[in-house]
Amino acid sequence: MRIGILTIFPDFVKVIKEYGVIAQAVENNLLQIDIFNLRDFTTDKHKVVDDYAYGGGPGMVMKPEPFFKFFEYYNQMFGKPYVVLTSPQGKTLNNEIAKKLSAQERLLIICGRYEGIDERVMKFVDEEISIGDYVLTGGELPAMVITDVVSRFIPGVVEEESVKNDSFYNDLLDHPHYTRPRNIDGLEVPEVLLSGNHEEIELWRRKESLRKTISKRPDLFLKHQFDEVDKKALLLLFKELIKDAK
């Protein structure tokens, strides 16, 4: 998969491909990340990418010409990409959106800045995506988040089992995790995790995953499609809750 990020601050976003599993994926040719500087597609000596808004109002608007020149270049060089604009007006990023984006051969993320982008640039945009109901100074951080989330669904970037166990993968939050030592400050690792009984461990993990989801994200719990393991885990959880309530 090829992911491109179009920004006026390339040094800001280049770190996304320099660390961790994404850097390994790039090194192993599982993922190609291209970072483009929008200023390289300007025609004036000052490389200006913004201008005053028609009709007045505060702030500046990103000019359309550099975008038109960029997409002419990109389409000739690589082929037409699936284009995402980072925007507080967009759909909120989630696992389903990330999985869909990971199936694209070429993904291009535009980092918005200033008051916004000239509306005529929207002819190139397939989808607007937000990472939450708040406003940032620019789209670089959301672009990095989108890149990170999408990359996890590319085969080989992380182990498939790790992805399946992530929070939200099946509309459930992740179960608790423990490592050594077995005891710290009187806090013990649950005995079931030391038992070696993989069936009981899986059941305990699912139970705790359901407990977390009910407590923290009941909206996800209500969307979840329950399997037989879920039903057994819920029965255990309800028994524990009834016992604790007495």
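Quick reminder: no glycine exception, Cβ is built from N, Cα and C everywhere.
Annotation comment: Swiss-Prot describes G112, I131, G132, D133, Y134, V135, L136 as S-adenosyl-L-methionine binding site.
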**Asked** Where among the binding-site residues I131, V135, L136 do you find the Cβ with the fewest other Cβ atoms within 10 Å?
**Response** V135
**Prompt:** Looking at Cβ-Cβ distances, which residues of the chain lie under 8 angstroms from G112 (S-adenosyl-L-methionine binding site) while being 6 or more apart from it?
**Reply:** M62, L85, T86, S87, G138, G139
**Message:** Need one number for the S-adenosyl-L-methionine-binding residues G112, I131, G132, D133, Y134, V135, L136: the maximum pairwise CA distance in Å, whole number please.
**Reply:** 16
**Message:** Counting only residues 6+ away in sequence within the same chain, which have a CB under 8 Å from the CB of Y134 (S-adenosyl-L-methionine binding site)?
**Reply:** P88
**Asked** Around the S-adenosyl-L-methionine site (G112, I131, G132, D133, Y134, V135, L136), what further same-chain residues have their C-beta within 8 angstroms of the site's C-beta centre?
**Response** P88, S130, P142
**Request:** Would you mind checking how many other C-beta atoms are within 10 angstroms of the C-beta on D133 (S-adenosyl-L-methionine binding site)?
**Result:** 7
**Request:** Across all the protein chains here, work out how many other Cβ atoms are within 10 Å of the Cβ of G132 (S-adenosyl-L-methionine binding site).
**Result:** 11
**Fill in**
Reading the DSSP string in three states, the entry for L136 (S-adenosyl-L-methionine binding site) is coil
